[in-house]
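Asks: Heads up, here are the entries from TrEMBL:
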- 27-246: domain 'Nucleoside phosphorylase' (DOMAIN)
- Ser33, His64, Arg84, Phe85, His86, Ala116, Ser220: phosphate binding site (BINDING)
- Glu201, Asn243: purine D-ribonucleoside binding site (BINDING)
Amino acid sequence: GYYGYDHDDYQKTADWLLSQTKHRPQVAIICGSGLGMLADALKCQDAFHYTDIPGFPQSTVQGHAGRLVFGELKGKTCVCMQGRFHMYEGHSLCKTTFPVRVFKLLGVETLIVTNAAGSLADGLKPGDIMIIKDHVNFPGLGGFNPLNGPNDDKFGPRFPAMSACYNPGLRCLAMDIAKQQGVAELVQEGVYAAVGGPNFETIAEAKLMHRLGVDAVGMSTAPEVVVAVHCGLRVFGISLITNKAEAFSSPPNLLSARDTSRCRSPGI
Ligand SMILES: O=P(O)(O)O[C@H]1O[C@H](CO)[C@@H](O)[C@H]1O
Ligand code: HPA
């Protein structure tokens, strides 16, 4: 059967948070693996451990502290997730995206998603930043979607469009800021693909994604963005490239038995 949340479940968590902090965030930021220090930049912080927030899922992965931090950043009120939820932790997708709908009910208008990702593109190296211009949601294409189940019309339509998920204005603004800050050579736009994980890709899988037009791959983000776009949030996304998928230096797939010079036989 279907296991999900009612509107009341999101509302209860949102009401509890609104009763515990004076902050009324306009912007929500989801910090990717190892990126939780973004939250340290917030002024006048109110922080809550996920374990103390009624109805909130729990973090189980290294590099995800499991705290929700409210505060001020450059004159905007923000709420920061220090730690996100992944399908491979055993959570349902509606659980991994639970916070996004809570943010909507807090009054958030803009969601910033960040992640650690592997590069599949020649021009994208570890340390680079990729502004996400679009995504391929592999679990979603296969029927693993956080919007499965009865549609909650209070959040959005049954069949939401995903043709402009990543706000074009915010993407342009980020490119301009990268130029102004003198880091333009580290910043590019590209396509992110979400896979289920937790294993990294095989060489054949990485080659396949590369040929399909994917620039960076990770195990998160797309389900959160689908839920955010469904409920009308403006989305901006960035991937920090942490590693390169070694698909390009690998030999071609086909090997004839006539030429075994590339084989190292263990002997029979
Ligand atoms: O997407 P975030 O949460 O940044 O984490 C990425 O890093 C982890 C793998 O090292 C995976 O969880 C992958 O999704
Ligand atoms: O190479 C990767 N593949 C999938 N997920 C990832 N998250 C960080 N790097 C990777």
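Glycine too: its Cβ is placed from the backbone N, Cα and C atoms.
Please go over these features one by one and say how buried each is and what sits next to it.
Replies: DSSP assigns Arg84 (phosphate binding site) to coil, not to a helix or a strand. The number of other CB atoms found within 10 A of the CB of Arg84 (phosphate binding site), across every protein chain shown, is 26.
The Cβ of Asn243 (purine D-ribonucleoside binding site) has Gly118, Ser119, Pro126 as same-chain neighbours under 8 Å, each 6 or more residues away in sequence.
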Asks: Enumerate in sequence order the binding-site residues His64, Arg84, His86, Glu201 whose Cβ-atom distance to ligand 1 is under 6 angstroms.
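Replies: What lies within reach of ligand 1, judged by Cβ under 6 Å, is Arg84, His86.
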Asks: List those of the binding-site residues Ser33, His64, Phe85, Ala116, Ser220, Asn243 whose Cβ lies under 6 Å from any atom of ligand 2, in sequence order, or write none if there are none.
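Replies: Near the molecule: Ala116, Asn243.
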Asks: Out of Ser33, Ser220, which of the binding-site residues has the smallest number of neighbouring Cβ atoms within 10 Å?
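Replies: Each of the binding-site residues Ser33, Ser220 was scored; lowest Cβ tally within 10 Å is Ser33.
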Asks: Given the phosphate binding site residues Ser33, His64, Arg84, Phe85, His86, Ala116, Ser220 in the record, what is the largest Cα to Cα distance, rounded to whole Å?
Replies: 14
Asks: Can you give me the residues near the recorded phosphate site, meaning same chain, not Ser33, His64, Arg84, Phe85, His86, Ala116, Ser220 themselves, Cβ no more than 8 Å from the center of the site's Cβ atoms?
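Replies: For the phosphate site, the extra neighbours are Gly32, Val61, Gly63, Gly83, Asn115, Met219.
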